[in-house]
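Annotated features in TrEMBL:
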- LYS270: active site (ACT_SITE)
- ARG344: active site (ACT_SITE)
- LYS258, ASP263, ASP281, GLU342: Mn(2+) 2 binding site (BINDING)
- ASP263, ASP340, GLU342: Mn(2+) 1 binding site (BINDING)
- 338-345: domain 'Cytosol aminopeptidase' (DOMAIN)
Amino acid sequence: MEFKLNDNGCSSAECVIVPVFENQELCVSCEGIKKMINSVRNSEAFKAVKGDIYHFTNISEETIKHILLVGLGKNEEITSEDVRKIFSKVVKKARELKIASASVKFFTTDGLCKKGTIKAIAEGMALADYSFDKYKTNKSEITLKEVSIVDINDEDKEILESALKEGLSLIKSTVFARDLVNEPANTIYPETLAERCIDAGKAYGFEIEVLDENQIRELGMEAFLAVGMSAFNKPRFIIMRYFGNKEDKENILGLVGKGLTYDAGGYSLKPTQGMVDMKSDMGGAAAVIGAMCSIAEMKLKKNVVAVVAACENLISNDAYKPGDIISSMAGKTIEVVNTDAEGRLTLADAVYYITSRENVNKVIDVATLTGAVLGALGTLTTGVITNDEAFYNDLLSAGKRSGEKFWQLPAFEEYKELLKSKVADYKNSGGRFAGTITAGLFIGEFLYKPMPWLHLDIAGTSFVDGAKDYLTAGGTAAPLRTLYYLVREN
Ligand code: BES
Ligand code: MN
Ligand code: ZN
């Protein structure tokens, strides 16, 4: 789908999309169209509530074959997330009608900035149109190819042009991240994930370093290795660096993405049903890699280092076993009580590495970590553990821009007692109760020194069974856009 800005009200597109507020007069320049719209405007057929769509066809105008009226609800109530959702419906309708080109009449609202509005229109449409069909013989037809956003004031053009550019970058990164998640584990494994990062680094402008198993061993990442050595496809440690503000090297944000390219559970084997979607256990890595792409492409004047400890959790002669006691880069020992609690082991070393070797002063880990977060928050909201309320509030503000939702879980000291082992410094699972909290707190024990830290458990939000609004079935790329805004705004 291609987007462009066009200040010419009546364009050559075959469909005109007219957003309508429930409580506001229309301003449409074409008299003919205005007449038609007003004929249904106040009828039962189209109330202009959020997400209402009304379709006119066989219009006498030359090229215009369709008009879609789109309800926006009340002007003062609409959010950017509403805009994304509404325009995801528009694109589905356009697909149904096999519309190839459309012009969208731009609109302004009391509560939203114009830049946020234009990005939300593009994101809602393009992201809803995503499909992962490269392995299907009959591919889903891409119908809507060209979208022009029209009726833009001359004085807004430049600013909206740059906002759209940012939106298109985030769309591209989101598609990249969704593809990475949706690719099965027989095509994306540590080595190929690293190759994709190398290509992305070249394309978008961030530095990249990939460590192999020997270099990982030299760093003492024994917890990560214990997980990764179970597989024929050997682990890789991927480091991505972007310094957009070299004068301010005191401020470097660290991003850590869980990168289990497959999680069978190891000897604490998952049942088949729990295993089918475990190619998605690198959703954290995908979000972090995608965020780096847009951060670099948009040349943000910020410093960010991202790492991914990429490996598979399988069964083999080399696999770690329940009961094993392993060490870690931090030197802390861990009793492995469950080989399926592997993510926190890889993250313990990745978090220790980034906080000790990369000079970051804040760190965020993003992980498909626990099934328990699905029980607590479902697929709507990412669970958060933090040691810093101000950092958490920054996350929430970024989430307001992206539309992605977050909720903090309690991190009281007492929960850490559940992680005490009789034979080692920690055990890797605190058991059934408070599973998301203890998993997060485990990772927090591996910061090299105290600093603001956010742990995002995206097991529920990064992969969904069915399409909903602009999220498509499979990988969602959450919380990629939030990470981008968090970097941009702080
Ligand atoms: N990758 C899984 C978590 C997961 C579950 C992600 C469902 C997406 C959907 C993780 O490695 C895992 O297996 N966690 C265990 C932890 C337990 C053994 C303490 C879990 O949640 O059951
Ligand atoms: Mn697991
Ligand atoms: Zn896992």
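Each residue, glycine too, has its Cβ placed from N, Cα and C.
If you measure from the Cα atom of ASP340 (Mn(2+) 1 binding site) to that of LYS258 (Mn(2+) 2 binding site), you get 14 Å.
With the fewest other Cβ atoms inside 10 Å of its Cβ, the least crowded of the recorded positions LYS258, LYS270, ARG344 in this structure is LYS270.
On its own chain, ASP263 (Mn(2+) 2 binding site) has LYS270, MET275, MET278, ASP281, GLU312, ASN313, ASP340, GLU342, GLY343 as residues at least 6 apart in sequence with a Cβ closer than 8 Å to its own Cβ. Taking the binding-site residues ASP281, ASP340, GLU342 in turn, the residue surrounded by the fewest other Cβ atoms inside 10 Å of its Cβ turns out to be ASP340. Shown in sequence order, VAL227, LEU260, ALA264, GLY265, GLY266, SER268, LYS270, ASP281, ASN313, THR339, ALA341, GLY343 are the same-chain residues outside ASP263, ASP340, GLU342 whose Cβ sits within 8 Å of the Cβ centre of the Mn(2+) 1 site. Secondary structure at LYS258 (Mn(2+) 2 binding site), taken from DSSP and collapsed to helix, strand or coil, is strand. Candidate recorded positions: LYS258, ASP263, LYS270, ASP281, ASP340. Those with a Cβ under 6 Å from ligand 3, in sequence order, are ASP263, ASP281.
Other than LYS258, ASP263, ASP281, GLU342, the residues of this chain whose Cβ falls within 8 Å of the Cβ centroid of the Mn(2+) 2 site are, in sequence order, GLY259, LEU260, TYR262, MET278, MET282, ASN313, GLY343, THR346, ALA367, THR368, LEU369. Helix, strand and coil counts under DSSP for the domain 'Cytosol aminopeptidase' (338-345) come to 3 helix, 0 strand, 5 coil.
Secondary structure at ASP263 (Mn(2+) 2 binding site), as computed by DSSP, is strand. Taking the C-alpha positions, the distance from LYS258 (Mn(2+) 2 binding site) to ARG344 (active site) comes to 8 Å. Residues ASP263, ASP281, ASP340, taken from the recorded positions LYS258, ASP263, LYS270, ASP281, ASP340, ARG344, are distinguished by a CB atom under 6 angstroms from ligand 1.
Only ASP263, ASP340, GLU342 of the binding-site residues listed as LYS258, ASP263, ASP281, ASP340, GLU342 bring a Cβ under 6 Å of any atom of ligand 2; the order follows the sequence.
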